[in-house]
Each structure stands twice: as C-alpha cells, then as structure tokens.
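Enquirer: The following block contains the structure, expressed as structure tokens.
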Amino acid sequence: MSNKIVVGAQWGDEGKGKITDMLAETADLVVRYGGGNNAGHTVIVDDEKFELHLIPSGILYEDKKSVLGGGVVIDPEAMVEEMEGLEDRGISLANLYISETAHVIMPYHRMIDALEEKRKGDSKIGTTGKGIGPCYTDKTARRGIRIADLLDEGRFRAKLEKALDYHNVLLEKVYDAKTLKVEEIIKQYQPYIEKLSPYVTNTSLLLNEAHKQNQKIFFEGAQGTLLDIDYGTYPFVTSSNPTAGGVCTGTGVGPTTIDDVIGVTKAYLTRVGAGPFPTELDNEWGEYLRDKGHEFGVTTGRPRRCGWLDIPILKHAVRVNGLTEIALTKIDVLTGIEEIKVCTAYKHGEEIVEEFPPYLESEIPYEPVYEKWPGWEEDITGVRDYDQLPENAKRYIERIEELIGIPARIISVGPGRKQAIRR
Ligand code: GDP
Ligand code: IMO
Ligand code: MG
C-alpha cells in the first residue's frame, strides 16, 4: 500500500488542493495534519469550483474518509460555515472525522492576531488574521482548549475561565482592547459544538486501524515548506509544521506508515504576506504572472507576490521533506513568455551560495543568479501526453529535475481535475 504526503514545496498556494483531489481518486482516506482556516485549497470539478479551508479535499469523493488530525487548529465558526456550505451544494459529510485533540480557535485568538499585527506595524508578518498563531501559542503554553473539552460543558467552562483569566489581562493591559465574557463565548459556541460533536473521534486510532487493513492514506499538506515554523523563513512563517515531519505529530501515525512524499511545486513562485523573496518580480513580469495565474489569495483575497522559480528553495524542500517526486503545477501560466528565468544560486557579497540559507537576515542581500531558458507559444492546457509538450517546455521541466535531483511525475497544465500529464 502506498501512503503519500502531498506537501507544499514553496510558500503555499502551489496547487495542493488540485493535486490532492486528483490523486485522491485512488485513496481511501484524505487527512489534514496541520494549519487551520489560514489555508485555502481550490478544487475544480466539472467547471464547479470548491474552496476548502479546513476540510480535506477528499470530501468531494463520497466514499473517501476525510480526517482532520490533532495537529489542525479548528475555528468552530469557520468549520461549521464550511460544512454547511458543502452540504448546501449536495456534498455528504457522512465520512468526516475530527480529532478530539485538535486545538480550538477562540474569539480572543482572532483578536490577538489582529492586535499583534497592528502593534508590529511595519514589521508585521502579514498573517491571514484567522487567529492561527495565538491558538498554537496557547497550545505550546499549555493553556489551549481542545475539541474534546468542548464536548463536556463543565470542562469547557472551567478551561475557558482559566484562559480568560490570562487573555483578558493581556487584552486590557497590553492592547487596551475590550475584554471577553465566559458566558457570551459559551452561548456563541453552543450551536457550533452541537454541529461538530457527532464527527469527533480518536483519529489516530482510526488512521492506524485503516493502515492495518491496507487502506491507502493521503496526507494533505497546508501552507508550504517555507512557511514552516522550523524550516521556513522565520519569523515570516506560520505557527505550525507544514513540512512532512508534521504528519506524524499532527495525526498520530508513525513515520514507517509513509511511503512517498510529493512536493507540490509551482512552475514559478508566489508568496502572500511579508518576508524575504529573492526572485520577486516587482515589475510588469510580476504583474503578468499575477494576472495570468490569477494569483490572489483564496482566504484573504490579497494579491500574491510573484517571481521566478527558485532552485535553492526547492533543494531545501527536497531535503527537509524527504521528497520522492514533485508535482509541477501551473506550467501553462508560463506560455507566451519569451525568456524564462530560473534562479540556481544566490550571490551574497562575493560568495556564490547554492543552498537556501537557513538564516536570511543579513545586511548583504541574497541576489539571484539566473539561468535563462527559451519559452514557448503553444497552448498546452489540453496536453495529456508528455511527448506532446513543446520542446522548450520539456527542456524547462527536465532542467528543473536535473537541478533538484528528483522527477516531476505529475505536470499540471490547468486548474481542472483532468488537466494534468502523468509520467
Ligand atoms: P493550494 O493552497 O496549494 O491548494 O493552492 P490554491 O488553491 O491556493 O492556489 C492554486 C490556484 O491555482 C488555484 O486557483 C487553482 O485552481 C489553480 N491551479 C492549480 N493548478 C493549476 C494549473 O496547473 N494551472 C493553472 N492555470 N491553474 C492551476
Ligand atoms: P495554503 O494551504 C499561502 C501565510 C500568511 C502569512 C503567514 C502567517 O492555501 O497554501 P498565519 O495566518 O498562518 O499566521 O500567517 O503564512 N499563509 C499562507 N500563505 N498559503 C497558505 O495556505 C497560507 N497559510 C498561511 O499569508 O504570510
Ligand atoms: Mg491556498
């Protein structure tokens, strides 16, 4: 049995939703292991567009189990909204499972996320404002509230009282903001708890039982390698581990369960939010990629910053995730560009740096060293056979494979489920 991780190799929005949906056809379970509704995964099936934030992309197949592992942070309001949105479109939730140990995003997490960004001013992270960082902070500070706590009213109240003892002081004294009341939050959360409770279970047990029965599990990453709290461009990162290592801690399966790790890689590069971006195109080519690739955030609507493909980043992603292959997406967006650039290293002062630097804060900039490749004019969105691609597109793909040392087994040429080439 082949259990796979689908992980973002860059700064998120690589097309993980599309690739997961495409591959999920052969899976029995699709599992989210980290992040929350900061994610926005687009899946297009027969011209119908779904934007998923918390629920795994596998939900669109009625017979697959969709699981939210304990590493996910769940905003009950956002979760219920997403569930109802899917039900309204005729999607069944009968196979949805939510971990009892996932942490819960509370109203004060969203407030602190916004207040902290405001306090930081020019040095803000550019978060999605969904309360993700403050929720993970409470988890590690051991004052978080978990899904199982919501199911017992006495326990929920006791934990919330304790949490507010702390958070109200913070809100009032540090941020000069309004404080919150236990009763109001309980009243607000009650209908969400009722909606969520039938889906809550021990998902680690569920996954391990499924594995014993030789069922096939796909782990759907959120965010991307460079947003990882440990291996990303810290501090401009999210507060979890989107990298492959996050699967074990985020779902309660052991590393021996995993067979393949697919790194979803956009054929160029985007980033939403603040932080370093050596190959960023702050010119008409950046705008060209943004327009043609519809590079606007699914969760916040913000325009994504665009730039050329960065090989040191991909080599870093291959290494820290143990990638076995990449799925190269959005190569169709490059059609029509006369000369495509690929960053193969950085110039840092007099030095040529070939590996992505773990510490980017430096007075001396990391300037991209580019290779230039001729582009192609042909529309490739209908191509399904690798040999039918224009020679220059093949050359670009094969050069990437050579530089990163692993194959691109899936090449995505459009947003639709069927728009891909498999090799
Ligand atoms: P995710 O967060 O990694 O799931 O990616 P997003 O859904 O945030 O962003 C990817 C965007 O690119 C979505 O609008 C997808 O529909 C779209 N997309 C995915 N693959 C392709 C592709 O190969 N070509 C084109 N043109 N669009 C794609
Ligand atoms: P998907 O799964 C792109 C970014 C935010 C910000 C940083 C921290 O769709 O690829 P947070 O709200 O997590 O504290 O914000 O992380 N970010 C993403 N960028 N795609 C995502 O998810 C992201 N999730 C978080 O823009 O820079
Ligand atoms: Mg996204």
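From the backbone N, Cα and C atoms, a Cβ is placed for every residue, glycine too.
Okay, these came from TrEMBL:
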BINDING   12-18, 40-42, ARG304, 330-332, 412-414  GTP binding site
ACT_SITE  ASP13  active site, proton acceptor
BINDING   ASP13, GLY40  Mg(2+) binding site
BINDING   ASP13, GLU14, GLY15, LYS16, ASN38, ALA39, GLY40, HIS41, THR128, ARG142, GLN223, THR238, ARG302  IMP binding site
ACT_SITE  HIS41  active site, proton donor
ACT_SITE  LYS139  active site
BINDING   VAL298, THR299, THR300, GLY301, ARG302, PRO303, ARG304  substrate binding site
Enquirer: ASN38 (IMP binding site): which of the binding-site residues GLY15, THR299, GLY301, ARG304 is the nearest Cα neighbour?
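Expert: For ASN38 (IMP binding site), the spatially nearest of the binding-site residues is THR299.
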Enquirer: So which of ASN38, LYS139, THR300, ARG302, PRO303, listed as recorded positions, have a Cβ under 6 Å from an atom of ligand 1?
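Expert: None, by Cβ distance under 6 Å.
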Enquirer: Does anything in the same chain, at least 6 positions from THR128 (IMP binding site), have a Cβ under 8 Å from its Cβ, and if so what?
Expert: ASN37, ASN38, GLY273, GLY297, THR299, THR300
Enquirer: Within the set GLY15, LYS18, LYS139, THR300, GLY301, PRO303, which recorded positions show a CB-to-ligand 2 distance under 6 A?
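Expert: The ones that qualify number zero, so the answer is none.
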Enquirer: Filter the candidate list ASP13, GLY40, THR42, VAL298 of recorded positions, keeping only entries whose CB is under 6 Å from an atom of ligand 3.
Expert: ASP13, GLY40, VAL298
Enquirer: Given that the record lists ASP13, GLU14, GLY15, LYS16, ASN38, ALA39, GLY40, HIS41, THR128, ARG142, GLN223, THR238, ARG302 as binding IMP, what is the largest C-alpha to C-alpha distance among them, in Å?
Expert: 34
Enquirer: In sequence order, what residues of the same chain, 6+ apart, have a Cβ less than 8 Å from the Cβ of VAL413 (GTP binding site)?
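Expert: Same-chain residues close to VAL413 (GTP binding site) (Cβ under 8 Å, separated by 6 or more) are ILE331, ASP332, ILE380, THR381, GLY382, VAL383, GLN419, ALA420, ILE421.
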Enquirer: I need the most crowded of these binding-site residues: GLY15, PRO303. Count other C-beta atoms within 10 angstroms of each C-beta and give me the top one.
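Expert: Highest number of other Cβ atoms within 10 Å: GLY15.
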Enquirer: Are there any residues in the same chain, six or more apart in sequence, whose C-beta is under 8 angstroms from the C-beta of LYS18 (GTP binding site), and if so which?
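Expert: Correct list: THR42, VAL43, ILE44, THR329, SER412, PRO415, ARG417.
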